[in-house]
Each structure stands twice: as C-alpha cells, then as structure tokens.
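Feature list (source: Swiss-Prot):
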type	residues	note
BINDING	12-15, LYS71, 201-203, 266-273, 337-340	ATP binding site
COMPBIAS	608-630	compositional bias 'Gly residues'
MOD_RES	ALA2	N-acetylalanine
MOD_RES	LYS77	N6-acetyllysine
MOD_RES	LYS108	N6-acetyllysine
MOD_RES	LYS244	N6-acetyllysine
MOD_RES	LYS346	N6-acetyllysine
MOD_RES	LYS558	N6,N6-dimethyllysine
MOD_RES	LYS558	N6,N6,N6-trimethyllysine
MOD_RES	SER628	phosphoserine
MOD_RES	SER630	phosphoserine
MOD_RES	THR633	phosphothreonine
REGION	2-384	region 'Nucleotide-binding domain (NBD)'
REGION	392-506	region 'Substrate-binding domain (SBD)'
REGION	606-638	region 'Disordered'
Amino acid sequence: MAKAAAIGIDLGTTYSCVGVFQHGKVEIIANDQGNRTTPSYVAFTDTERLIGDAAKNQVALNPQNTVFDAKRLIGRKFGDPVVQSDMKHWPFQVINDGDKPKVQVSYKGETKAFYPEEISSMVLTKMKEIAEADLGYPVTNAVITVPAYFNDSQRQATKDAGVIAGLNVLRIINEPTRTIAYALDRTGKGERNVLIFDLGGGTFDVSILTIDDGIFEVKATAGDTTWVEDFDNRLVNHFVEEFKRKHKKDISQNKRAVRRLRTACERAKRTLSSSTQASLEIDSLFEGIDFYTSITRARFEELCSDLFRSTLEPVEKALRDAKLDKAQIHDLVLVGGSTRIPKVQKLLQDFFNGRDLNKSINPDEAVAYGAAVQAAILMGDKSENVQDLLLLDVAPLSLGLETPGGVMTALIKRNSTIPTKQTQIFTTYSDNQPGVLIQVYEGERAMTKDNNLLGRFELSGIPPAPGVPQIEVTFEIDANGILNVTATDKSTGKANKITITNDKGRLSKEEIERMVQEAEKYKAEDEVQRERVSAKNALESYALNMKSAVEDEGLKGKISEADKKKVLDKCQEVISWLDANTLAEKDEFEHKRKELEQVCNPIISGLYQGGGGPGPGGFGAQGPKGGSGSGPTIEEVD
C-alpha cells in the first residue's frame, strides 16, 4: 500500500474544508452530502450529536444546542471584549469557568459544558472522517491553518483541538500560506509581490508575499482581530426593524425566529453577489405572521458601507509594514467567501487604481489547498510540483520581555521571518540582586501592561555583584510559531527556560487526555446511533416494501387472500410498533425484522420462484445512505 497521505485542514469560523495532495495535484474532498465545504457546526439533541450539514440543517429547531463560531472563542479568556460582544449574538449559552469560556448545552437530557477546543475537535474529527471515507485508509497526519493574527494561546488551543480529534498535527500554519495554491498554478518566473485579501466568515486578514522561483517570503500581515462578519447581523437588524414597523412586534428575543431570519439573510447576501435584488419569504416567522420582503444590492451596500470601507485599513497597514507602494503589487488574490461581494471587489480595485483582481482560486477552498501542499512537503513528497517550494512565514506579533519601568523590550519584531532565534545580553537592575524574573510578552505597545503576558520564569543564584552579571536571553520561534525563551547567567553557566505552551488559558495534559477519551466515547456513541438508525430504516423499508408487494395489482390471483392478510397484518403491526418505539435499540429492530421475514419470506419467495423478482428481502432494506441518518434531513427555514 502507498504511504498514507497527510491532509490539509482549513478549520474555518463558519465552514471547514479538507484537501490532500496526491498524484502531483491537490484534491479538495467532498463530504457525504457532496459538498466541498462543511459547516463548522456541532449540534446536541436528546438522542445524538450531529456535526456539519446535519447540524446546520436543524439549527432553527434547536438553536440553544447548536454551536458554531467556536473559532471565535478558542484561546480567548471569558472576559475578552470579543467574547463578550459575540455572546450577544449567539443563541447558545457561554459560561465562565475560571475565566475560560465554555459552551453549555443540553445533550441526551443532561446539561454538558464543552471547551471551545472540544467543539473544534469535533469539527476536525468530521473533516478527518471525510478524508478517510475518500482515501479508504485511516488518516493521522494533518496541517491545520489559523488566521495570521492568531496569538500564541490561540495557536496552541487549535493544536490541542487537533490532538483531541486524534490527529498528529504536523504544523499549524498561517492561512496566507494558501497562496502556495496560487503559485502552483503560475508558470511565470521572476519576483512578484502578491497581496492576499482574505475576508471570511469570522476572520479578516491581509498578507503581502514576495514569490520568487518557488520561494515564498511573507513580507507583512495585518488583520482585524475583532472582525466578525457583521454583514449578516446588519441584514438581520434591518429586517427586525422592518418587521417591527410592519407588524408592531419585536422578534429580537425569539431565538428560533431570529435564527430562521439569519439563515434567510445569509442566503439573500449570497444572492446579492450575483443579482441586484433578493427576496425573503419566511412562512410563519413569528406568532403565525408570514414575512415576505426583498432587499436591493444598493440598500445592502448602504447598510454595510462603513464595514466595507474599514477593510482597506489593514491593506494600507500591510503595505506600510512591507515598505511597498501599492503600484509595486503585481497580483491581488481574493480569498474567503465574502470577497464575492461586488462592493468589496470594487473598493479594492479602485484602491489599486483599477488593477485586475485574481479570481482564479476558489475562495472557499484556497486555504485547504495550500494546507494540503504544506502537508505533502512536510511528509517529504518529492513531486516536482512541490519539491522546489519553500515558505518563509512570519511572526504575527512582536515578542519580548519586561525591563525596568514596565517597558516592553522586543527581541523578535513583528513580521520577522520564522523560524528565528534572537539573543540579547541584559544585566541586573539593582545591586546584590540574587535573581531575575523574566516576563515574556507579545504585542506592539510600548508598555508591557498593554501587551499580552505569555509566561514568566526566574533565574536565581546570581552572584551578588551590582550591574556586573551578564544574563543572556534567547528567544527562539520554531516553524509552528511556538516560542522557547532561555536565560543563562554567563558567569556561572546557570540557565533556565520556558516553552510558551501552557499559559493560563491553555488546557493541561490531563484535560487533553480526558477530552481525547471523551471524544472516543462520543464517536462510539455516534456509531451506535448510526447503526440503530440504519436498522430502524431497514426494518421500515422492508415492511413498506412487503406491504406494497402483496398489494400489487399484478399479483391478483397469485396470492391467496389468507396469505395476503397475514403479510398485511404483520406489516401493519410492525409499522405501528415502529411509530411507538422510535428510540428502540438496534437489536430490537433486527429482532422485529427477523419476525417479519419469517412471516413474509415463505409467501413472497413462493410467488417469485418462477421469475427473477426481488426475492426475499430484496426490496430496499438499506436505509438512507451517508449522514447521521436520524432526525430531519432538511428543515424548512423560509
């Protein structure tokens, strides 16, 4: 068997995507619904857990227990202003557990609380299963992408989510790495400056790369860490006000109504990318009132005009950081679903004086595409398409330590190419100081109190000579963007170090181990549920097929009334039993099926012995393919 491939996963805020590099090219893998992107949604019901399309399809029926946007929680504190702001829009409950946010849901009749890492791990597990179903063998190695502006704890938390999902995370890479996809499709030689404009479901960043003969150097990244795709929110608020004007009723506190409205708004927003007008038709939205309305593209652009304009600020910042003029940018690449909005494209085009935008990459798939290529490189793929590619990524934030007066002294500057290592000599501040406290920060502000504390450690046993000791401090970032800090007293050789992997926001080894075991348990429960539903569907399908077989007009005179009655009575008995026992176990359904077969098989096989008919049990008995098989497969939202 060929060596198992590593996969590239774009773990998105609203949608996720998985790709694999094989036979010299990237394949984006479709899920069991035939979709190449999968909603980053997890739903909990009284009977099961649903992930992806199945979870999103039932969101209007079960808004409190359907979790999305976990990426906006991951690696953040509960008190973070972004978390507090987002909580106002979410129908599910977020609780505080020692300043770590947890999502509280009702699952199988019990109240459960999950860390964002656990929710993200469930989405990653789904992406892993999608890849395995396509490739036909177990997959463990993966590259996972994060936004360029993600800080250390957000990167670590994403890596933890991968571990909980049973993945060996080869590397956490910045999403702009996806331009590898772009470069693979380019045959032109010579140095080119490329600006990637990435506007997704909950993240927004801009990167500038220089590509020269297979070497990618990230010159600058800029992003809006507080960005949330407010386009949907603006539409929702607009229609809530319209409903209030028309019907004198406020629907904003009704979670189901708001969820149905949001789904319709999301659809309208997509329609407005290709049409100048979109209609919304939602039956019985609130208190039996049907809501039929429409919106023009011009009105949508007016509602979001400030948001559209604000997307140019990170573009200007990235150009300043890269020390480039906009005329020096050769290519503009659009990534992320929201770049399909015509107004966004026009603003960007006007800013770059009418320059053509590169739309050759599918914006939804570009990230997974780039991640799949990176996974192949890390696994030692020797295809000529990838062997000459080298990606030089950058540190998204400055890293340094606190010096007297609370001053931030940066050793690694923002946008430094990684991996990197920087060393600087410090001395003791006061006479006869026996030890130094090394406090490590990330951020761009002059004072450490305004930056993010990553960790601290002490170097003790320093000889008590005033201002003489020489302390050598080394900051080293590896290719995953993970930081090691070492301090050495040059006179004694004493050293101490810290790996910034376990700041207060991070899960402990024990917690991760527990979550891995729980993930296995949930997966096993999901499998039991799938088998149960499959057995139920098989029984129902068999009973209905037997019923229609003996009622077939073509069999008149071939089957005695007594036999016909026997089959119909037994089928009806089974159908009634099914209606009353929808939550029965797999073996109960199988037992009922055997009972039914014992009655039907002798009669049916007698009928078909002469001709090649369906034969005993030959009708259906398969149940629906794919999916989790239970609950509503579609839910009408409009």
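Cβ atoms are placed via backbone N, Cα and C, with glycine included.
Location within the structure of each feature annotated in Swiss-Prot.
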residue	record	CB count, 10 Å
GLY12	ATP binding site	26
TYR15	ATP binding site	22
LYS108	N6-acetyllysine	12
GLY202	ATP binding site	19
LYS244	N6-acetyllysine	13
ARG267	ATP binding site	15
ARG270	ATP binding site	14
THR339	ATP binding site	20
LYS346	N6-acetyllysine	13
LYS558	N6,N6-dimethyllysine	13
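SER273 (ATP binding site) sits 61 Å from LYS558 (N6,N6-dimethyllysine), taking the Cα positions as reference. When averaged over the region 'Substrate-binding domain (SBD)' (392-506), pLDDT in the model lands at 80.
Packing around LYS77 (N6-acetyllysine) is summarised by its Cβ count: 17 other Cβ atoms lie within 10 angstroms of its Cβ, all protein chains included.
Cα-Cα distance from ARG267 (ATP binding site) to LYS346 (N6-acetyllysine): 21 Å (rounded to the nearest whole number). Taking H, G and I as helix, E and B as strand and the rest as coil, DSSP gives the region 'Substrate-binding domain (SBD)' (392-506) the counts 3 helix, 60 strand, 52 coil. Among the binding-site residues listed here, namely GLY12, TYR15, GLY202, ARG270, THR339, ARG270 has its C-alpha nearest to that of LYS244 (N6-acetyllysine). Summarising the environment of SER273 (ATP binding site), the number of other Cβ atoms within 10 Å of its Cβ, over all protein chains shown, is 18. When the modified residues LYS77, LYS108, LYS346, LYS558 are ranked by how far their Cα is from the Cα of THR339 (ATP binding site), LYS346 comes first.
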